[in-house]
């Protein structure tokens, strides 16, 4: 698939839905017109011929209206329910057919193996979904670790370091990237970037394995940092920024660092562009990828972002006096309401980072090769999210969700449902609805440890995203009972004791610590999927683990089955 063909499906859906809406509006107008004429006719008949004739005329008009409404209802059902389901089924059928038609590995001698970039049929329909009902979510447990071949390369010297993983999975394939530092773990001087793509296949033991089909090693002297990756049709898109100074210095800068988009296709086409999104220069002192993965949505690739906003700019002023306090805080914080509000308002501004406002948002880029000025920056409203931080975007069916790292004072897992508004075919605004939870805490320093429950200024924590196993919208009150899984560092203040868990809003349901007590670790990424053949749900937990042999950190993928007990 070439880059120009990528948005075709989304465009066709938009055209179909637009045409359907216009047709329905026409039917509605005709119905109103007929009803209006019928009322006039009824009055004329009653004044001239009495009630007997009017009843007959009115009955025929009522029958006509019923017929029109019946047709309209059928059109609404077909366009809103039946056709989307048929399109989804057709897509899955085509993917399955492509997979079965891929070149066989039993080829003539000296010919290459022509694997298609499509996951095994068992997984195509089991990706990016909610896998359990609310009731089932109360009875989930973690299975044992499964022994898979790692698709993530590691350092090969004691001085090397691999850090900041980003992983994205769709129906067709997966994409992965991490930073490679040759000496130490500081990435602001010199580093390289590893990128790979591949597919999920079953092993002879029945559980899944991740097969790498393409790799790219960016070692060209450009210090790309904090890269986020997203699967796109036919390949991967990666968003990075370029800097050779410490993070704090980025926030003190007058202009944001260089922003780059890299597109890598399965056919070995590689495109890299320096992008200049409008509204960034003179507004953002620094703009950073969220490191967690992005998503492909309606022809646009969306990436999580955060950074420092310059004082007295339009964005700064639009966020004045806005603050967000998670729902669970009211019952857990001993501060009075006025103190909570004041502390929450001030938590977005950091003297350590040059008195910038620390802001989260989304970078939206159309899937095309000329991206210099086409990407858009969409900030979240700060009365809906906490202080800006690293993050990740997810697709569950047709819904977009967002994870925000708990850098700020609230130490619990922060997940949001995102609504994206489109204007003239472009994303123009975003809003976020928090999934309320008082689990699972991250470690932090000082007054910002895992035990903190009250608003205040914090700049701490660690990236530890989570995967929703149940749909927060399935309850009458959004998110009142949601179950999710991930990995966290089970301590109040230190980055130690990596633990995989299943939790709901109020408690950890099941957990398994990896390694001995005191094992050092850092970032954690979690993605789940279903084997539709066996109906089993698997989760991959990608965790940065410290190593005493090779490098300060190694990135390790762990696979577990989530079982319904």
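Every residue gets a Cβ built from N, Cα and C, even glycine.
It should be emphasised that the depicted structure is a prediction, and the values quoted were computed from it without experimental measurement.
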Practice item. Scan 223-228, 229-234, 235-240 against Swiss-Prot and say which stretch is down as region 'Involved in neuraminidase activity'. Key: 223-228
**Study point:** Confidence summary for the region 'Involved in neuraminidase activity' (223-228), mean pLDDT rounded
**Key:** 97
Study note, to complete from the structure: If you tally other C-beta atoms within 10 angstroms for each of the glycosylation sites 139, 267, 504, the top scorer is 504
Study note, to complete from the structure: Rounding to whole Å, the Cα atoms of residue 375 (disulfide bond) and residue 240 (disulfide bond) are apart by 13
Review point. So for residue 539 (disulfide bond), how many other CB atoms are inside 10 Å of its CB?
Key: 23
Point to revise | Residue among recorded positions 240, 267, 365, 504 with Cα closest to the Cα of residue 539 (disulfide bond) | key: 504
Practice item. Spatially speaking, which of the disulfide-bonded residues 161, 227, 333, 448, 454 is closest to residue 365 (disulfide bond)? Use C-alpha to C-alpha, please. Key: 227
